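> Mind having a look at this structure? Questions to follow.
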Amino acid sequence: MKVAVLGAAGGIGQALALLLKTQLPSGSELSLYDIAPVTPGVAVDLSHIPTAVKIKGFSGEDATPALEGADVVLISAGVARKPGMDRSDLFNVNAGIVKNLVQQVAKTCPKACIGIITNPVNTTVAIAAEVLKKAGVYDKNKLFGVTTLDIIRSNTFVAELKGKQPGEVEVPVIGGHSGVTILPLLSQVPGVSFTEQEVADLTKRIQNAGTEVVEAKAGGGSATLSMGQAAARFGLSLVRALQGEQGVIECAYVEGDGQYARFFSQPLLLGKNGVEERKSIGTLSAFEQNALEGMLDTLKKDIALGEEFVNK
């Protein structure tokens with residue numbers, strides 16, 4: 001199994017590469033790519049960690065050598081948020097980066113599963129889909145927006161509030177990956193109940209958690225380490241499913257039946273071909289139903305922005 005990380009010299013990319021080097025199954029290959037000249041050195045640094053995962057790093061304009069034979073491609077390349085910016089302010093720079101890298105994926109490893117981490121995910125996934133479609137290689141079961149950070153944050157905050165072990169809480173999060181489009185389904189967490197005020201406060205905190213980190217880092221960056229962990233969790237789940245493990249379920253932002261929007265984050269059963277089954281979002285509380293209806297315009301606009309970027 002070969003995993004490629006594009007944007008591997010950045011804050012998320014380095015954290016993700018470290019976690020994959022220590023946690024990928026024995027015999028896996030890990031390939032790091034970034035435009036930054038330091039990237040081969042990041043791979044040498046990680047190569048000293050004693051795990052049975054082969055690692056190589058590549059830099060420069062051409063990602064081809066890193067992508068050859070890749071089964072999974074995780075894309076974290078782009079610029080990070082600064083205080084006062086929201087994820088959509090990143091669009092102008094990151095849209096071009098994602099378009100360029102996905103064009104290279106389409107050419108070199110068109111059958112790979114692709115996980116898009118680069119923000120704004122609501123829009124960059126639509127860009128990736130349109131690029132793959134133009135190249136004639138789009139498979140909607142193999143393109144994912146990685147929203148796992150919303151899930152791990154939800155798990156952490158709920159466990160803190162309710163005095164639970166974080167490992168025993170799993171909150172499904174649906175919708176998109178910014179602001180009001182992030183919808184944690186708190187009504188579906190087994191064995192935990194919330195007051196209306198707790199639901200309102202938790203939902204808001206989960207939606208604004210990225211800003212919490214940006215402000216706390218005071219201009220020094222955005223959420224890189226927790227995002228690295230989230231991306232590793234998703235990437236490792238995908239690898240296990242591709243290798244035939246049964247019953248692997250993760251939420252991610254994918255093209256579905258279009259019931260809510262063309263792309264929508266929901267629980268997915270993963271398998272040997274990527275998405276095996278898009279699972280139902282289940283029964284929502286009145287608060288959740290209302291929040292879902294209220295976010296769809298925003299989500300659809302985010303998606304249209306990405307489609308237009310490629311097709312203009």
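Just so it is clear, glycine is given a Cβ too, placed from its N, Cα and C backbone atoms.
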> Can you match one of ASP34, ASP86, ASP139 to the NAD(+) site that Swiss-Prot gives for GLY7, ALA8, ALA9, GLY10, GLY11, ILE12, GLY13, ASN94, ILE117, THR118, ASN119, MET227?
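Swiss-Prot lists GLY7, ALA8, ALA9, GLY10, GLY11, ILE12, GLY13, ASN94, ILE117, THR118, ASN119, MET227 binding NAD(+), and from ASP34, ASP86, ASP139 it also lists ASP34.
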> Whole-number Å distance between the CA of ASN94 (NAD(+) binding site) and the CA of ASN119 (substrate binding site)?
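Here the two Cα atoms are 7 Å apart.
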> Please report the DSSP secondary structure of MET227 (NAD(+) binding site), reduced to three states.
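Where MET227 (NAD(+) binding site) sits, the three-state DSSP reduction gives helix.
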> Where does GLY7 (NAD(+) binding site) sit in the DSSP three-state scheme?
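Once the DSSP labels are grouped into three classes, GLY7 (NAD(+) binding site) ends up as coil.
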> Taking only the residues the record lists as binding NAD(+), namely GLY7, ALA8, ALA9, GLY10, GLY11, ILE12, GLY13, ASP34, ASN94, ILE117, THR118, ASN119, MET227, what is the largest Cα to Cα distance between any two of them, in Å to the nearest whole number?
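Pairwise Cα check on GLY7, ALA8, ALA9, GLY10, GLY11, ILE12, GLY13, ASP34, ASN94, ILE117, THR118, ASN119, MET227 gives a maximum of 18 Å.
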> Pick from ARG153, HIS177: which of these recorded positions has the biggest number of other Cβ atoms within 10 Å of its Cβ?
HIS177
> In the three-state scheme derived from DSSP, which category covers ASN94 (NAD(+) binding site)?
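For ASN94 (NAD(+) binding site) - judged by DSSP and reduced to three states - the answer is helix.
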